[in-house]
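Novice: Let me give you the structure first, and then I'll get to my questions.
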Ligand code: ATP
Ligand code: MG
Ligand code: FE
């Protein structure tokens, strides 16, 4: 089954075709992402209405480009999947409207995908995919969650952030130290040149049991350290390294606890912060030490993309899931409410 996937929940327009007749990475016939970063940069954050309008401009050309790369025409498609939530309502409606219209015109089944289920299942698009049960760490710009995955479609929230998401903490910390928008990846890059241990920040909420996170206090610690420093280039790199180590350690400690709680040894990591090199290395080492494994999508499939939507949608369409033809989105959506696949 060849499924066209459309992602438009925030500031990336993503389109892909996934073919379930081929498994793992081979199934991804083509994918393309257009990032609106430059558009929003001057505002220092995503402007929802500008995001919607840019999705309108870019979505159809991107669909044409993706089909051409896969050497397919619309007539070769067997289904359409689109992000139905959570996300910015206007941005979601653009993707949903285009997806539903295409499906209607081509007489194809269509399915609305939960954006975080898309992230969560992205590692299953790689070769040698893990099988449920496993624990998923979802670390993105808007979410930091530990989820017990008993089966695909059966998600139990084990813990989540009480304030900032990990990606949000990366972005805000970078901004405080004067790094350009969006700061997360830039901060991570800077951290590579920093010296570990020069700045030591807290590992929030690791001194007591539990699987929830809090990153806003860490951000304040960094702000104070930065204000009281000489603000030189090398200090900025050292602080970036101290911050990154604190986030990575905190995530690793909680992942270990979540694996214990769920009684399994497979950890799946997804979402934009999953592209972080130090986090990948740390979680890999932690899982290997336990005799298990950590599974990640390739970095390009950690951040928002259409491939994860095509893949998650394909699993649901293959299982026979169908929805009425209405253009309907769910800007706030609990993943635990999803039906089993
Ligand atoms: P959500 O999926 O929760 O709705 P989102 O879609 O905005 O949020 P993603 O696209 O999954 O989030 O990820 C973007 C986030 O990942 C940003 O906060 C960004 O700073 C962060 N990020 C990307 N690369 C890295 C990296 N190498 N190190 C740390 N953070 C990173
Ligand atoms: Mg984004
Ligand atoms: Fe996302």
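Cβ coordinates are placed from backbone N, Cα and C, and glycine is handled just like the others.
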Novice: TrEMBL has 115, 119 down as binding Fe cation; which of 265, 304 does it also list for that site?
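Specialist: Within the candidate list, TrEMBL flags 304.
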Novice: Quick check on the annotation: TrEMBL has 138, 139, 140, 141, 142, 184, 276 binding substrate, so which of 163, 164, 171, 260 does it put in that site too?
Specialist: 171
Novice: Which residue among the binding-site residues 141, 184 has the fewest other Cβ atoms within 10 Å of its Cβ, if you could check?
Specialist: 141
Novice: Which are the residues of the chain, 115, 119, 304 excluded, whose CB is within 8 A of where the CB atoms of the Fe cation site average out, their centroid?
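Specialist: Here the nearby residues are 7, 9, 83, 116, 118, 140, 271, 305, 308, 309.
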Novice: I'd like to confirm something. Which of the binding-site residues, 115, 119, 304, has a Cα closest to the Cα of residue 184 (substrate binding site)?
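Specialist: That would be 304, the closest of 115, 119, 304 to residue 184 (substrate binding site).
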Novice: Of 115, 119, which of the binding-site residues has the most Cβ neighbours inside 10 Å?
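Specialist: Of the binding-site residues 115, 119, the highest Cβ count within 10 Å belongs to 119.
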Novice: Measuring Cα to Cα, tell me the gap between residue 304 (Fe cation binding site) and residue 276 (substrate binding site) in whole angstrom.
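Specialist: That separation, Cα to Cα, works out to 15 Å.
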Novice: Taking only the binding-site residues 138, 139, 141, 142, which have a CB closer than 6 angstroms to any atom that belongs to ligand 1?
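Specialist: So the answer is 141, 142.
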